Amino acid sequence: MSPFLRIGLSNFDCGSCQSCQGEAVNPYCAVLVKEYVESENGQMYIQKKPTMYPPWDSTFDAHINKGRVMQIIVKGKNVDLISETTVELYSLAERCRKNNGKTEIWLELKPQGRMLMNARYFLEMSDTKDMNEFETEGFFALHQRRGAIKQAKVHHVKCHEFTATFFPQPTFCSVCHEFVWGLNKQGYQCRQCNAAIHKKCIDKVIAKCTGSAINSRETMFHKERFKIDMPHRFKVYNYKSPTFCEHCGTLLWGLARQGLKCDACGMNVHHRCQTKVANLCGINQKLMAEALAMIESTQQARCLRDTEQIFREGPVEIGLPCSIKNEARPPCLPTPGKREPQGISWESPLDEVDKMCHLPEPELNKERPSLQIKLKIEDFILHKMLGKGSFGKVFLAEFKKTNQFFAIKALKKDVVLMDDDVECTMVEKRVLSLAWEHPFLTHMFCTFQTKENLFFVMEYLNGGDLMYHIQSCHKFDLSRATFYAAEIILGLQFLHSKGIVYRDLKLDNILLDKDGHIKIADFGMCKENMLGDAKTNTFCGTPDYIAPEILLGQKYNHSVDWWSFGVLLYEMLIGQSPFHGQDEEELFHSIRMDNPFYPRWLEKEAKDLLVKLFVREPEKRLGVRGDIRQHPLFREINWEELERKEIDPPFRPKVKSPFDCSNFDKEFLNEKPRLSFADRALINSMDQNMFRNFSFMNPGMERLIS
């Protein structure tokens, strides 16, 4: 292993150097790399390689050895020496390592002046050299776990674009004019007009958004029959006591002329909010919405009575054959689309649904005693905490009845609700219930809930994840990386065949079982119903793995999974990320514009596969166009045997027992395994019907319990 720095010099500023005054100097730089040696005369630096003269804004490479320094001399056309400085390469590499492999600094020159230097850290391996001290000192980009991000869910109501928002100051709802309580994301705020509301008041909004272009066009053409247009008569007002804006909900600041007051209805608003206020002068949105809801429910009841009357009297205008007329028509049929794809869905007392339309099915329900089974967290012993985040915690748990070990993911309902992730949680449950059909997806046994938490009971994979293993060996050899890549391909293609885009493929989400086979985990970012030409445009994923089409705001499909697969394969083979940046802005620019660095020692087939996966035109990317299984890197793979797990993995994790936790990060294992406390006020005010269809039981768990 021979690490090196790729260095660029630019923006030389001579300052007030006397040598530069008068005529144009046209400075250029000379770079001398010197080695530290011991001699008879003591310690000294000797130049062994020729002097380099890199042009401004170009790059050159310098290998890193302890004691090696780089002397930079700035010269001029008519001046022998303007300025100089000396940089220790080892210290520069350490600085790069702390900044995700890249740094940018201003070098102060002597006697005067400065220049901008960019440096990027790389690894270079030859087949004959062993890994040296730089591995043990951590010169790798993959030194920490990276969390996923997701664009806030947008609720489109009357052209408003409401997103869950944290209000840092006291805020009042613009619909009911009551205080918005809470500690996290207390309510919704429109991204267009800044209107603030309670989450519970989102169905009571009757005014169309004033900041939406769609609204202005619809208003122009009078497309909606129901329309209210009562303009306010605002005038500047001096408030003598603290007053809140009735549009954005925040305080009116200032000592005088703090805001505007409507002469007719007394509404108070900021100056900046005046143009965003809807024309609802004198109208109570809450009462109006309740009246409209009552009218709608009355109309629905009338339609239902009319429908029942038609069923009782029979069809009048259409003649039907006697055989059809005489058939008994049930008053209500179960909806096939709401049945679980497999297993048995059972409902806890919190989930009980309206049974007014229940039709008994004796033939189907004859032998289904498991419907009465209700699991609870007290049926398990929590031994260790395997991980945690803002969402909740993951525990190693033992089922008391059978002494079998499971991984239980516990989500906090208040956090799920505050982050607007109810639908994501339901998607994760549906994908996990489907995962039993494939060997390389994490299998779920059941889900259940309490008033405060949601629980996923999944198989315990004690081999750890790929991020844990790559931190100890820094990179995988070609055969091991190829094996993992092939199994991941099978898992991804199964998800895609079911219309599911995964969107969060990374080392952290690839687990190993006790035999060394991979399992794809964590389906919270998945997007369903993506068959055919269907596309979506949600901004989500882990920053290092996000595809360029997501960053550009384009609509996308499963092509983004193949880009993420390329990043993951690059990290497995090379041991660092293909794209770098000191912050997300630089990283995203690198993903959109930069070409990854491929070391000389990388196998030709591996490089070819990576190049085809990093194509920025989604429709031309391998996996979207062409069969990725036919790539030369996988020519030794028998795909049928691989899917049947008949090929032995090249690496088998060290597992001492079914409950062994040695392959997980130690930072969590020492913590006491207990559930987090929830926001009681929020839990008590929460509509539990949002989680009504969460509970599920797989036939595998059914057999264990019975």
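Even glycines carry a Cβ here, placed using N, Cα and C.
Here the structure is a predicted model, which means the values were calculated and not measured.
When Tyr90, Tyr468, Tyr502 are compared with the annotations in Swiss-Prot, the one labelled phosphotyrosine turns out to be Tyr90. When Swiss-Prot is compared with the stretches 231-281, 384-434, the one noted as zinc finger is 231-281.
Checking Ser58, Ser83, Ser685 against Swiss-Prot, you find phosphoserine recorded for Ser685.
Counting residues of the domain 'AGC-kinase C-terminal' (635-706) by DSSP class, helix then strand then coil, yields 26 helix, 2 strand, 44 coil. Secondary structure of the zinc finger (231-281) per DSSP, as helix, strand and coil residue counts: 3 helix, 13 strand, 35 coil. According to DSSP, Thr538 (phosphothreonine) is assigned to coil rather than to any helix or strand. When the C-alpha distances from Ser685 (phosphoserine) to the recorded positions Tyr90, Leu386, Lys388, Gly392, Asp504 are tabulated, the minimum falls on Gly392.
The recorded positions recorded for this entry are Tyr90, Asp504, Thr538, Ser695, and the Cα of Asp504 lies nearest to that of Lys388 (ATP binding site).
Secondary structure from DSSP puts Asp504 (active site, proton acceptor) in coil.
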